[in-house]
Amino acid sequence: MPALYRDPLVDNVGVWGIPTSTLDWCEENYAVTRYVAEFWNTITNYFMVVPPLLAALRCHQLGLDTRFLLSFLSFMGIGVGSTLFHATLQYKMQLLDELPMIYCTYIMLYCVLACDNEPRKKNVGLKLFLTVCNILVTVWVYGLSVAVLIISTVHSARKHNVSQGLSFSAFVCYGIGFILWNIDNAFCTHVRYFRGLIPWPFNALGQLHGWWHCFAAFGGYFQILYTIDLRVKCMKNKRKSEQNGSHQNGGTDIRPLGKKNISSRMFRDLWCWIPVRSRRKYDPEYGVNNNTIISNGSSKHMRT
């Protein structure tokens with residue numbers, strides 16, 4: 001047995017002391033190193049920290065809407081909080097894991113519900129409603145918000161004729177991860193037994209909560225990309241309707257500027273080993289980045 005491995009039953013108190021969190025997952029505490037309480041549950045948060053950070057930087061470079069920048073940053077906040085929580089199993093760090101989940105969910109929900117709002121529109125009512133829901137932090141409110149997010153995502157895809165590939169991928173990833181999460185919780189004794197039959201370090205593949213982190217990372221990333229795709233589609237539809245109105249009124253044609261292929265570039269930059277979906281939907285006609293619409297001598301900026 002490698003020297004790095006320590007029997008958690010002999011010494012399960014590391015440098016962070018006795019766990020004070022209300023949750024203690026199925027991974028044995030301080031089994032790999034005394035400096036990290038749940039080693040594998042900690043390092044698997046990489047997928048929720050580094051890729052969202054790079055995506056946020058890419059959003060800024062491409063000039064995407066601020067809502068998408070906040071989506072990636074809040075999603076990264078979940079990963080940072082989860083890393084601190086699993087590394088220490090302290091209650092304060094547990095809050096840093098759970099609260100960002102709520103904030104990120106409402107930001108994603110805003111992206112879906114306000115996908116077709118006019119540029120620069122404040123959406124005060126929707127923002128106020130989501131803020132109140134954030135204040136009323138309860139399990140039921142959070143669960144209801146997730147349900148609304150799922151329903152609104154499916155509805156928006158059908159209403160605006162958006163490809164459901166990204167949203168379907170997000171749901172599948174979350175679904176698989178959620179199943180593994182429940183198995184890890186409900187059958188921890190059996191999971192530990194079967195994990196003990198596998199030699200180190202391959203027994204790490206039996207850390208089902210770590211797999212939940214991986215699948216949740218994919219699911220969240222796909223969901224945010226879906227909201228970008230949805231926004232692009234809504235803006236294209238608005239451009240078409242404005243252009244038709246411009247033709248009918250004898251005005252100037254609406255001509256989009258810029259040639260950046262947004263979401264496909266983010267796929268290529270961050271997840272180059274995932275097949276890039278069709279780029280047809282990210283034609284410059286959609287104009288989500290810092291493009292300008294020219295209509296009747298006036299300009300309207302797409303950044304919202």
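Quick reminder: no glycine exception, Cβ is built from N, Cα and C everywhere.
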Taking TrEMBL at its word that HIS209, HIS213 bind Zn(2+), choose the one of HIS86, HIS155 listed for that site.
HIS86
Can you identify, from 40-57, 166-183, the stretch that TrEMBL calls transmembrane segment?
166-183
Between ASP24, GLU27, GLU38, which of the binding-site residues has the fewest other CB atoms within 10 angstroms in the structure shown?
ASP24
Could you tell me what the rest of the chain brings near the transmembrane segment (210-230), counting residues at least six beyond its ends with Cβ under 8 Å?
27, 40-41, 43-45, 47-48, 51-52, 55, 64, 67-68, 71-72, 75, 78-79, 82, 104, 108, 111-112, 115, 153, 156-157, 160, 162-163, 166-167, 169-174, 176-178, 180-181, 184, 204, 262-263, 266-267, 270-271, 281-282, 288
Long-range same-chain neighbours of TRP25 (Ca(2+) binding site), Cβ under 8 Å, sequence gap at least 6?
GLU38, ASN41, HIS86, ASP184, ASN185, HIS209
Please state whether DSSP places ASN29 (Ca(2+) binding site) in a helix, a strand or coil.
coil
